[in-house]
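Positions annotated as active site by TrEMBL: E:Asp129. Summarising the annotation, TrEMBL assigns substrate binding site to E:Met76, E:Cys77, E:His78, E:Met114, E:Glu115. Residues annotated as domain 'Molybdopterin cofactor biosynthesis C (MoaC)' in TrEMBL: E:16-151.
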There are 6 protein chains.
Amino acid sequence: MNDELTHFNEQGRAHMVDVTDKRPTERTAVAYGRIVMQPETLSRIQAGTMAKGDVLGVAQVAGIMGAKRTSDLIPMCHPLPLTKVDIRFEAVPEQNAIDIYGTAKVTGVTGVEMEALTAVSVAALTIYDMCKAIDKGMEIQTVCLLEKLGGKSGHYKRDGGNQL
Amino acid sequence: MNDELTHFNEQGRAHMVDVTDKRPTERTAVAYGRIVMQPETLSRIQAGTMAKGDVLGVAQVAGIMGAKRTSDLIPMCHPLPLTKVDIRFEAVPEQNAIDIYGTAKVTGVTGVEMEALTAVSVAALTIYDMCKAIDKGMEIQTVCLLEKLGGKSGHYKRDGGNQL
Amino acid sequence: MNDELTHFNEQGRAHMVDVTDKRPTERTAVAYGRIVMQPETLSRIQAGTMAKGDVLGVAQVAGIMGAKRTSDLIPMCHPLPLTKVDIRFEAVPEQNAIDIYGTAKVTGVTGVEMEALTAVSVAALTIYDMCKAIDKGMEIQTVCLLEKLGGKSGHYKRDGGNQL
Amino acid sequence: MNDELTHFNEQGRAHMVDVTDKRPTERTAVAYGRIVMQPETLSRIQAGTMAKGDVLGVAQVAGIMGAKRTSDLIPMCHPLPLTKVDIRFEAVPEQNAIDIYGTAKVTGVTGVEMEALTAVSVAALTIYDMCKAIDKGMEIQTVCLLEKLGGKSGHYKRDGGNQL
Amino acid sequence: MNDELTHFNEQGRAHMVDVTDKRPTERTAVAYGRIVMQPETLSRIQAGTMAKGDVLGVAQVAGIMGAKRTSDLIPMCHPLPLTKVDIRFEAVPEQNAIDIYGTAKVTGVTGVEMEALTAVSVAALTIYDMCKAIDKGMEIQTVCLLEKLGGKSGHYKRDGGNQL
Amino acid sequence: MNDELTHFNEQGRAHMVDVTDKRPTERTAVAYGRIVMQPETLSRIQAGTMAKGDVLGVAQVAGIMGAKRTSDLIPMCHPLPLTKVDIRFEAVPEQNAIDIYGTAKVTGVTGVEMEALTAVSVAALTIYDMCKAIDKGMEIQTVCLLEKLGGKSGHYKRDGGNQL
């Protein structure tokens, strides 16, 4: 018997944390991300004249479906029966940007931060995909958790969230 | 800040409805569909002599597995821990058809109509796939909800279900 | 050694047909389906006032993504590197219906009939999902292959396609 | 109406067993498997010098993610909100083997035997994949259930588990 | 800049090997596995009287669909457009076993060993799932590669394959 | 026939662009992203003492597997037989950050920008997941395309890539 590998396992190998004994509670998470682009790209998204179609409509569907795939994508995430996912876009022309807000809710034993963050990331990637023919330089910026409610660690609210 | 996109979001963008506050109850749905074909195709399915194998056996497995993929396929569907899925086939030789009945059950906060309908649709598509080499003209007809039990909207039973 | 099971396998078990020796050619398939509903439901879809959002926009995305999942859903389908998927909706108010046309293309060794049919089916199921709160009686009708180009079996065109 | 197909359905077609009326309880399962290889292969895995990287680290992630896909892979498995998955490796140099232990837990209405067995199988397949360039003769041996707690059938413990 | 992590990456992190410059060739792999059970379990599988249905029919579909998910399950596997997957079962009553043979083919730049092995593993797990209510002690044994054709490393044939 | 919906389709609905007539060529894309955290978080990642295990090892596997799911996540992406995916991490202690570089390659008819960007995004989300118990304020920054080779639009190299 080789102790090294066994021991290494206890030291450093990944595992999906045991949450069997946690009581299901209502949990909410809100994540944020921004995608910055050329002014012309933003104008065309707003005018609905991108060749690939209604960019934000497609990004919204992609983000919501992406949130449902979170535990398939993030190795140590627990599968969760999400009870709500929503995405809201805000155009910020003075920053040549679209702000993306993703919300996820569940009544469960672990939080939904990853689901909210995945919704925002997949929505942003979809915007990139649908506009990349005219603007390869777009950047996804500041993907982060804005707020989290419920669970043992309680209420989390990002500092300076107002400036976002 | 551009109000248009935000406002558009409130107007028309898709969202996954918040069901966090709903109480889990037992829910059942039964869906129906028919696939119509050449008499020869039906005979060979019944005789088990299609080249691709036991058509209805494969369609049954595909429909059940499809029901489990419903929330991956239908964008605004909530993921649900299904507690039962079943499919029943009835050959209707005088109509050159196979009738498909799909049942899904869950104890949860939303209904399982989509799971039952997806089970029927995937089973029908699988029958098409396995017979298309000899009969490209098959038609999937009248996929619909037969009955639904449980949840806020209560009991639904399709009118004229007897004639189906 | 038990011959029965082995023999049964040769008789009737499913298999994924060997297409290794087929030459890749360009292939296209067009499928059709209709979803029939209450006149009020159709009006609200067209007016964009359904509570769950832009119904046909979501159905379009779902159908296209569904086509890409075809080989995950239909057991004996070969995985294919689709080169095009499109869906077109036509409202038919005199029939209280929306007609759905799905097109798939590939350069490959098997046809894309199943991909086109899956696109139509998933789009129709999505319309059902997004309108079921107001109209549980909707029916998906006449899902079928309209046309197919390429491959050994050549050109297929459904009889009476004009009347659809 | 053809009784044969209906009847065949009651006789022999697969179905996903109805567990709607079962009460959720805590359930645990532990599965085991062994992969046997050339001594040189085991040495290189332990030394971390396989060309494809940290073999057991990747196998651990793959096994955990595989456990979450169980109901996608095994047709009649119910989807379950797993609350824990873990994998432990033990090198057994005198047998030229790595032993794999997979644990799954859930609070639910069906057991997690299949999730534990799938975790072990996918981890073993991943080890094979990452070492096959130097050792195509590796064998996956004795994949089995070691222990199971919770549920109607109660505690199961494999005979002779000590010898494993 | 921290060299340690970068360097660690070159040392030990996993990567998906670059096969861009390899020429597509026809490749075949055959894998084997055995599942051992109580004599009564085998009799009931052969008689088709298991409560969950036609065990081997379902296992066949599951194994074929599992082969198509190989690159989703095995982290460093390349996605491949499989051109054939087949599974063959042989009952071996004197060993209380069912032997499973899985074949996969592709015209591509990497081999299909993992696809054949995954087909066998998922088929075996499905047999376990469908019989576990009466026989929790079943064992999956000797999952291995029997033969491989095509590709740079040429023909591989397992020693003593005849005895399997 | 209602022209509005048809016309709307031509105007604005999403579609998966037809690439049937494009010639397969070798294509490469490199994407970048940074995740910023508390100094203590970075130290623990580098020291390998995070409770959930080897953070970057897991993130690497997740990013590579995520790249293979790109066409499942991004609605209008074509499925592609990726021939290489790699991820490289660089700790940047003076910025309290880990830089992530993702590379994807294919011989195909569309580019792999989305695959490289998805690899980076999923790797970054995984780092967030594995460290969020101690640092909820981590930010994913500047996810963008660094370079792209092959295809009709030719070589793209981000301006000021050196400063990244």
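Glycine is no exception: its Cβ is also placed from the backbone N, Cα and C atoms.
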Item to complete: With DSSP as the reference, give the number of residues of the domain 'Molybdopterin cofactor biosynthesis C (MoaC)' (E:16-151) in helix, strand and coil.
Response: 49 helix, 45 strand, 42 coil
Practice prompt. Would you work out the biggest C-alpha to C-alpha distance among E:Met76, E:Cys77, E:His78, E:Met114, E:Glu115, the residues that bind substrate according to the record, and give it in angstrom as a whole number?
Written response: 13
Worksheet item: Around E:Glu115 (substrate binding site), which residues of its chain at least 6 apart sit with Cβ under 8 Å of its Cβ?
Response: E:Ala29, E:Ala67, E:Thr70, E:Leu80, E:Leu82, E:Val85, E:Ala104, E:Val106
Practice prompt. List the Cα distance (Å, whole number) between E:Asp129 (active site) and E:Met114 (substrate binding site).
Written response: 22
Worksheet item: Which residue, of the binding-site residues E:Met76, E:Met114, has its CB surrounded by the fewest other CB atoms within 10 A?
Response: E:Met76
Response to the item:
recorded positions E:Met76, E:Met114, E:Asp129 with CB under 8 A of any chain F CB, in sequence order, are E:Met76
Fill in: Filtered E:Cys77, E:His78, E:Glu115 - binding-site residues with C-beta under 8 A from chain D
E:Cys77
